[in-house]
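These come from TrEMBL:
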BINDING   75, 76, 77, 78, 79, 80, 81, 82  ATP binding site
DOMAIN    54-356  domain 'UvrD-like helicase ATP-binding'
DOMAIN    357-648  domain 'UvrD-like helicase C-terminal'
């Protein structure tokens, strides 16, 4: 029987209330701060439409006041695109061209959608409440639930995350018509690749029927008997097409959809039910899309359907910031837009409010190496950004002899400038290509006592505070889990002395007993004489676990975990009251973990700790590795994050690190089971697309810098050969070869490089 979760669900806002922490003190997973990097256009006070236009440049004004028909706003980095799109919405409302409910604005993240609503609200009080401002997937979810019966869906259908898709397929693997992709020796080997293939098919608006038709055409080509490779290809594609159809059928039988379905099933609904399509077309007189370069083919098809014959479609895009091809974004959608809407007005925003001119010129010099495939060349427009702030300082390339000296050099420079009062820690960002590249820099910052915030695209489960939470839940679910109990014993709210822990674990191993048995019978084991502090800590740990284990038989996971963290141990309270940025980050990560607990509570027939632990194990086995919580960009701590996570942000000082060949640009990695070229509707540029995307990523990183930009590299990253400086550094700085002057590590730094990894 399901429990009432209105009372038992514990989310981050409840943590804040329970601790009586002032609003804003705890960094949330989605901080309610304005996205940085936008033009400092003063928000107009409530009033007539003219007030909304105050402070706009000529180009921004043209975009905001555009009338009917298609509009492409080419918005370079830092040119105030969010201010433009929100003011356009407000202008449409205040000039009575549209009522709020007649405007649909789509973007890609919940944070961006919330920010857009907030800005429109400031411009037109209460005006946004009926406007549809949301992510693509939230829009699809809403439309499908409103019209579920048309598709034979239950309005209460459940949306699966990627790890849940993998679990879903694994549990029904033998219901799929697989042979080649279900090898007897390792039947689950291809599950992840199959799920990725199905998702890619949906990105390209490829239905199971279309995939089956392709496989049939391939088979009809009748390969000669001696062409074994082609015969195998035909069999594989027929098998994949059948598996795709079976996967969709199984989802439907259990009222489940995946994220791709939120778009493709909405397309199906609108295509097959003209009255539904007409209703939405009549409702949405104006459709606006932010970050259009990040849309996939299916999403653009949806937008075109909704715009219909009225064609009042506004898209905001920058092809030089298209960095999400790896998750299905269609680079050619901008081309499709200008081809399909040949009469579209094009407004180019080039006035940059973020960076200095030297930084902008350096980034522009780099990105021009993607010519002639760039929009600037194809459409003959001028995209060179002009800085409001003046020339500034030249970007610098710092070359080191090793990775450790690179990390030490960056940390030393930050420490020195902070000590001199030139920089605040919170002004500095270290941008890495991938999560794994961050650890040496985190270690170097830690050794110098420099506060930092790390935010990657994954790694939540690896954070120390989350490992402790998981260990506590495992101990409650299984008292004989000695490994989890050992980890929990080291938690800062117990701190069992290491010597006492060694005595207990050694005895447990010799006697083949679980560690919990030793802890519970400590007074009866004469050969173990722990310290008074150790004995007290162990007693407190046993008492807490006994109380939580008893509570776990009656209450859901969220309530048990909340009681443990807040009431029994006071762990969250101590973190929240410490005032340290890194502790605020820990609370934000704990809040994000509670979201996972709440999701389990929504789907589990009975929400109890053992069930959640089993669910978590399945997620981890399926490759689930969610990102850490978003951090507060105003905190006085060095920001360490991937370039993908940095998109949309800005920092006065930026270090782009690890700029060497094979790291940045990285090597191209193909998909394990690629979608056949014949089914891909995206038109790729003529050049090396992977290299071009990596170059765009580097461009995005450079344009995060407001004042100072440092590009760093090293010769030695642990391989057999020295690493060459990234071609992107040479292109950006217009250097024929790397500057060979290097910074070398001191003897002490050479030893410190072997310190253990920093807990992320």
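Here the Cβ of each residue, glycine as well, is placed from N, Cα and C on the backbone.
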Collapsed DSSP category at residue 79 (ATP binding site): coil
All-chain count of other Cβ atoms within 10 Å of residue 80 (ATP binding site): 26
Neighbouring C-beta atoms (10 Å sphere around the C-beta of residue 76 (ATP binding site)): 25
Fewest other Cβ within 10 angstroms of its own Cβ, chosen from the binding-site residues 75, 77: 77
Per-region confidence, the domain 'UvrD-like helicase ATP-binding' (54-356) (mean pLDDT, whole number): 92
Lowest local Cβ density among 79, 82, which the record lists as binding-site residues, within 10 Å: 82
